[in-house]
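Q: What TrEMBL lists as transmembrane segment is 6-24, 55-73, 79-101, 171-192, 198-217, 316-335, 350-370, 390-411, 431-452, 473-498, 518-542.
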Amino acid sequence: MNYSGDHLPTVLFLFSLCAVYEVFERMAYYGISSNLVIYLTTKLHQGTVKSSNNVTNWVGTIWITPILGAYVADAHLGRYWTFVVSSVIYISGMLILTLAVSLPSLKPPRCLESDVENCRKASTLQLAVFYGALYTLAVGTGGTKPNISTIGADQFDEFDQKEKAHKLSFFNWWMFSIFFGTLFANTVLVYIQDNVGWTLGYGLPTLGLAISIIIFLSGTPFYRHKVPSGSPFTRMARVIVAALRKWKVHIPNDPKELYELELEAYAKKGKFRIDSTPTLRFLTKASVKIGSTSPWMLCSVTQVEETKQMIRMIPILIATFIPSTMIAQIHTLFIKQGTTLDRAIGSFKIPPASLTGFVTISMLVSVVLYDRYFVRLMQRWTKNPRGVTLLQRMGIGLVIHIIIMVIASVTEKYRLSVAKDHGLVENKGQVPLTIFILLPQFLLMGIADAFLEVAKLEFFYDQAPESMKSLGTSYAMTTLGVGNFLSSFLLSTVANITKAHGHHGWILNNLNASHLDYYYAFFVILNFLNFIFFLIVIKFYVYKVEISDSIKVLTKELQGRKVRVSNQEESRS
């Protein structure tokens, strides 16, 4: 939809409708994920490794499915309708999950044994209903997550200077707004689940999600809707196949000899031309003219460059897998550590999962300080509108992740030494240390998110071609999915290897007899090696040209063509 006059207030209003949904959606998601490891342990009677892996496998699926949602949005339904259909699936999953934790027949009987291995396990039906609800919810997330932020960003016009200026801060404030929902989930909902009941703890976010969907739908007549432009996977596959089939073809020195659509085709709204670049030169062969006009033999320069942009981001994507694995520890091992510590403040007991609220608080504060002070300070030095480049911002986050795991390892070593001094290694007793000794690693994780996670989301959205924005956004989600699956793999592998040949093992159901300090030290090494890899890949990365700058060039060329045509007509007359 086009607006007349100064439409920035309308744009900001529509952005707020999208943000309201995201607040409640994050409240629903974190209301489940933050305390899921506790529910699996205390209600479904699963051990440390199994419960942790079930959490990370589910969270991994939550973050992998957006790539399918992005495909459906870009190729078939468009972002809006993909979001609407998926939100119905999401709310259905939430309703079933609320029933699963509420009805006694859908969960095993209560068990007071200290060792969950001695408790009655959940039946096949009970597990089927519970996990069926969780994974229904994951399918819904696949369609909503990559499209809601993209719909919000689409409301800002790249060619309006006021709107473009506001868009530079869009992802900072987007993350700021949604973490209010996260904070509520990590504090209020977690407390309700632990002390009031799981029915209310899951029922409230279900109700909030339903209300937020209605609020989002109220803005339907006013949204700027982007028309689906065909499957991005098909377009990229055509480029790769065409380049491979013409691998012996010589690339002309003059880019103007390559196949490209007429300028007028790119003057239409929603069409953007991209000039040929020297990077990934092999793919340029796809646009070399050899006679055949088959789409699997000849692709336009713009189509080739779109494919290059998506491929260029893959090494950056890979470099974010390890830090995503670190994030997975927040909702698994970090919380399990909290259950072994003194959680009392007077007569009030802190739910272990509430510590994740400090990640949220830390990130909220960090994002505000970053946007209001750090950016302005760095602008004077770098002359960059963002203060530092997106990749530099991500690099700072990676360094903080290394520091986090060093602190986590040292803290856990201290916790184990106190447990040993008080004879608590074998009897699984509570270690006489406050739960707040874990606070530094949670606070630093929030600061790391303010740098890495915000920059990652903005980077993959910003660097994706205009016709593949949903797919680009899904890259940011995919890295979290892979990170969680990688966490499951590493946890199981390390647990099995360290228990082999009669060894004690690093990760046991009894954390006082485990060696999580060794496991976290292993993560320090992984993070350091990953940071070296990141420094190597960013050295060769080339940022794409600003669209608004490309349009200025295109406009000048069109004007020049019109002038030439006019001159030719005058000379003929």
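Just so it is clear, glycine is given a Cβ too, placed from its N, Cα and C backbone atoms.
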Q: Cβ under 8 Å to the transmembrane segment (79-101), counting only same-chain residues 6 or more beyond its ends: which ones?
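A: Non-local partners: 21, 25, 28, 32, 39, 43, 69, 72-73, 107, 126, 129-130, 132-144, 147-148, 150-151, 154, 198-199, 201-203, 205-206, 209-210, 213, 216-217, 220, 223, 225-226, 470.
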Q: Tell me, please, if the transmembrane segment (316-335) and the transmembrane segment (198-217) are in contact, taking contact as 3+ Cβ pairs under 8 Å between residues separated by 6 or more positions?
A: no
Q: How about the transmembrane segment (55-73) and the transmembrane segment (350-370): do they have 3 or more C-beta pairs under 8 A, pairs 6 or more apart in sequence?
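A: Counting Cβ pairs under 8 Å (6 or more apart in sequence), the transmembrane segment (55-73) does not reach the transmembrane segment (350-370), since there are fewer than 3.
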Q: Count the CB pairs under 8 A between the transmembrane segment (390-411) and each of 198-217, 473-498, 518-542, then give me the winner.
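A: The stretch I would name here is 518-542.
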Q: If we skip the immediate neighbours and take only residues 6+ beyond the ends of the transmembrane segment (518-542), which ones have a Cβ under 8 Å from one of its Cβ atoms?
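A: Answer is 277, 279, 312, 315-316, 318-319, 321-323, 325-326, 329, 333, 391, 394-395, 398-399, 401-402, 405-406, 408-409, 412, 494, 498, 506-507.
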Q: Taking residues 6+ outside the transmembrane segment (198-217), which of them lie with a CB under 8 Å of any CB in it?
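A: Residues packing against the transmembrane segment (198-217) from afar: 17-18, 20-21, 23-25, 27-28, 31-32, 35, 39, 43, 83-84, 87, 90-91, 94-95, 97-98, 101-102, 185, 189-190, 192.
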